[in-house]
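Heads up, the thing below is written out as structure tokens.
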Amino acid sequence: MPNVTANFSDEVYQHNESFYERLFLEFFTVVGLLSEAANVIFIITIAKNKKLREDVSNIIFLHVNIIQAIYLLATPLTFRISMTFFHVSQVHAIVLCLTYQVEFNMMFGITWFHILVICDWYLKLYHEDTYQKFCRIYKFFIIMLYVVMLMGCSITVHYCLNHRMLAVTYMFMLIGVHLLATTLVIVNVVHLFKKRRILGGRKSTNGLAITNIFFILWSGVLVLLFLEFIGLQIYAPVFVIFLCVLGFSSPVFNLIYLYYCDDYYRVFLRQVIKCERNRYSNEGLESPAVRYQNVNSVAVSET
């Protein structure tokens, strides 16, 4: 992991093509390709199936995968530049500023989109009247997140190029991570006690599970980044490689989870993966009524 708190005038990126660095790049290449493929499969699956796009939760999840796909395109270049060049020329500095700031602004966006996923999940399950209002304005939040990411990229790239500092993006990302962690803890505790379950139907309620998977897999990397941010170095390369592989593999775990736990996704993912364009028809997947049950096994609503 590079020392992100230093500047370009220091010897930040040491030319050390060690066994562990090559091993990391090999693992990252394999996992990155698998995760990129999973993101593309999700994007195609949601974009080409109207039944999935009728659910606001799936629209938000579509944007999560779009941002993750962009993130996985920027990250390999950043790693290669940071690990390969001992003396960073002006050209390398510019490229590194661009890729590094784009990468972390994308992670900032992914974090906030997951917060939006949690809000969608919670309102859908526990506040149906408010959720109807949310469905009318959710596009505004999506647009605002893209605007904030673009503005963040322009500000942090400008700061990086003029001050030769890479760590400025951390401030934005850590705010998002802190809010996501706080939101997850609160929502998981509330759901533990109120636990409303779906008794029938196909209405998507995977938001909490997807976000929990994302946060759990990335938590180790986030701890490492925070330790480096405050100046502590972790000299355990195999452990670092393992944590990074877990974090970058989150789209693959999402694919496995939704394939086995969501009827709609299982049908449409199978259709996309096997290229069976005409095997399934949207009209044959009509949703029956959805009934919710609280923790005391009492039916509380039907939609």
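Placed from the backbone N, Cα and C atoms, the Cβ positions cover glycine too.
Note that the structure is predicted; figures quoted are calculated from it, not measured.
Among the features that TrEMBL reports, transmembrane segment is placed at 27-47 (among others). Sequence-distant neighbours of the transmembrane segment (27-47) (same chain, 6+ residues past either end, Cβ-Cβ under 8 Å): 53, 58-59, 61-62, 65-66, 68-69, 72-73, 75-76, 79, 241, 244-245, 248-252, 254-255, 265, 268-269, 271-273.
Residues annotated as transmembrane segment in TrEMBL: 59-79 (among others).
As annotated by TrEMBL, transmembrane segment applies to 106-125 (among others). Beyond the transmembrane segment (106-125), the same-chain residues lying 6 or more positions past its ends with a Cβ under 8 Å from any Cβ of the stretch are 56-57, 60-61, 63-64, 67-68, 70-71, 74, 131, 134, 138, 141-142, 145-146, 148-149, 152, 169, 172-173, 176-177, 179-180, 183-184, 187, 190-191, 196, 203, 205-208, 210-211, 214-215, 292.
Sequence-distant contacts of the transmembrane segment (137-159) (same chain, six or more residues past either end, CB-CB distance under 8 Å): 56, 59-60, 63, 67, 97-98, 101-102, 104-106, 108-109, 112-113, 116, 120, 165, 168-169, 172. TrEMBL lists 137-159 (among others) with the feature transmembrane segment.
Taken from TrEMBL, the feature transmembrane segment covers 171-193 (among others).
Among the features that TrEMBL reports, transmembrane segment is placed at 205-227 (among others). Long-range contacts of the transmembrane segment (205-227) within its own chain (CB-CB distance under 8 A, at least 6 residues past either end) are made by residues 1, 4, 57, 61, 110, 114, 117-118, 120-122, 124-125, 170, 174, 177, 180-181, 184, 187-188, 191, 198, 233-234, 240, 243-244, 246-247, 249-250, 253-254, 257-258, 261-262.
Look at TrEMBL and you will find 239-260 (among others) tagged as transmembrane segment.
If you look at the transmembrane segment (171-193), the same-chain residues 6 or more away from its ends with a CB under 8 A from one of its CBs are 104-105, 107-108, 111-112, 114-115, 118, 121-122, 125-126, 152, 156, 208, 211-212, 215, 222, 226, 229, 295.
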